[in-house]
Amino acid sequence: METVQLRNPPRRQLKKLDEDSLTKQPEEVFDVLEKLGEGSYGSVYKAIHKETGQIVAIKQVPVESDLQEIIKEISIMQQCDSPHVVKYYGSYFKNTDLWIVMEYCGAGSVSDIIRLRNKTLTEDEIATILQSTLKGLEYLHFMRKIHRDIKAGNILLNTEGHAKLADFGVAGQLTDTMAKRNTVIGTPFWMAPEVIQEIGYNCVADIWSLGITAIEMAEGKPPYADIHPMRAIFMIPTNPPPTFRKPELWSDSFMDFVKQCLVKSPEQRATATQLLQHPFVKSAKGVSILRDLINEAMDVKLKRQEAQQREVDQEEEENSEEDELDSGTMVRAAGDEMGTVRVASSMSDGANTMIEHDDTLPSQLGTMVINTEDEEEEGTMKRRDETMQPARPSFLEYFEQKEKENQINSFGKSVPGPLQNSSDWKVPQDGDYEFLKSWTVEDLQKRLLALDPMMEQEIEEIRQKYQSKRQPILDAIEAKKRRQQNF
């Protein structure tokens, strides 16, 4: 579909919506074509600008969402004018929704492409994407902005292969008097150590996330993706920097690039400008090398949409016959409307990178989670109110909620007597686990699920002990900062 757009370009380029367009109802200015998925705070749709024929993306955000965060996202996009950052065209209020009109990137995110093709990327493809991404980061950092959620799901490609940074739902602005931020924000597996530790961070936090993203593009998932996210949060600051699972598969130049990104000390970590001069990036090929993988991904997507549409048509045909019998008012299901929304669900796997264990890296952690029937309201993790307890990072609340849901789902069923209460089970001494051989697979799986709440309790106790020692130090630092004129 998008290749046709290349052959029939818009009548003129849309740069910004004029005052006349902004005073109209959005339906008078745009035709909404289909739902693309979920971004931070709202649903994202593909639409066409009637006057120019240009395809755009529209994020529809419910007004009851965190308006401060939405306004901040718009503000950051408004200030950006770079070919490597998704453009902002304007916004509307429509009923209870805010419509944010943005640049459309027809090939989707890098993680979409990996998942659709069921293949990771080559070094040449990674180098080309990293070069554009670094140019976008260099621009943002020059503007004193931190993206704070760099990952393959937030790097979008247009149909020509140009990479652009997207989803500023958690981005932050640095001022001269606030050289470092102290909020924990982002997606856990990509977080820099200093972000997790809440010791203050600056623009190079994005560089750590970029290094993790490079591994993600090469291996299909970030380091620690196979373990519980809360364990990863404790491991990232304490363990040595992660590296490739099979280093022998990758060139010295690529491994050195990742090594320079994943330096634990932010003061010694390379900047975007410095990394643009790295041999791995300087030798990157043109965007034309990405066209084959983009076309392949779009072909897969189209075939899935066609297959899904056939299923929808068949369901509607069957349902319409039942509706005619059941009710005189519902003669027939609205075929066109159903088709538009349901087609998008052909990507219902989620827009994250290809992950073998979905329960380890849930789709909610990825920006642009493609529309699924049971995950309609989930997107990138949102930043919580900074006035809340600083000792309780926002991602902990998220994971605790997921644990509660898992426990309700798992333990609502009949469980054998010995497994009813996880706290009743004591860990065997001296590693004597022979008795487990007599258990059924079902009992073993239930026991494994029961271990998670025990682990959470132990982690919480450690966190509280750590916080009791850490908080006085943080208070002293904050007091000194307040006495300083400039940081």
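Heads up, the Cβ atoms here are built off N, Cα and C, so glycines get one too.
According to Swiss-Prot, the feature N-acetylmethionine maps to Met1, an assignment based on similarity to another entry.
Residues or ranges marked as phosphothreonine by Swiss-Prot on the basis of similarity to another entry: Thr3 (among others).
If you look up Swiss-Prot, you'll see Asp149 marked as active site, proton acceptor, on the strength of sequence analysis. Classification of Asp149 (active site, proton acceptor) by DSSP places it in coil, neither helical nor stranded. Asp149 (active site, proton acceptor): 27 other CB atoms within 10 A of its CB, across all protein chains.
Summarising the annotation, Swiss-Prot assigns phosphothreonine to Thr183 (among others).
In the three-state DSSP scheme, Ser265 (phosphoserine) falls into the coil class. The annotation phosphoserine is assigned in Swiss-Prot to Ser265 (among others).
According to Swiss-Prot, the coiled coil annotation covers 289-327.
Residues annotated as region 'Disordered' in Swiss-Prot: 305-332.
Marked as phosphoserine by Swiss-Prot: Ser320 (among others). For Ser320 (phosphoserine), other Cβ atoms within 10 Å of its Cβ number 15.
Taken from Swiss-Prot, the feature phosphothreonine applies to Thr340 (among others).
Summarising the annotation, Swiss-Prot assigns phosphothreonine to Thr367 (among others) and lists similarity to another entry as the type of evidence.
As annotated by Swiss-Prot, phosphothreonine applies to Thr387 (among others), with the evidence given as similarity to another entry.
The feature phosphoserine is assigned by Swiss-Prot to Ser410 (among others).
The phosphoserine annotation in Swiss-Prot covers Ser414 (among others), and the record cites similarity to another entry as its basis.
Residues or ranges marked as phosphotyrosine in Swiss-Prot: Tyr433.
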Practice item. Measuring Cα to Cα, tell me the gap between Ser265 (phosphoserine) and Asp149 (active site, proton acceptor) in whole angstrom. Key: 19
Exercise for review: Give me the mean pLDDT over the coiled coil (289-327), rounded to a whole number.
Suggested key: 84
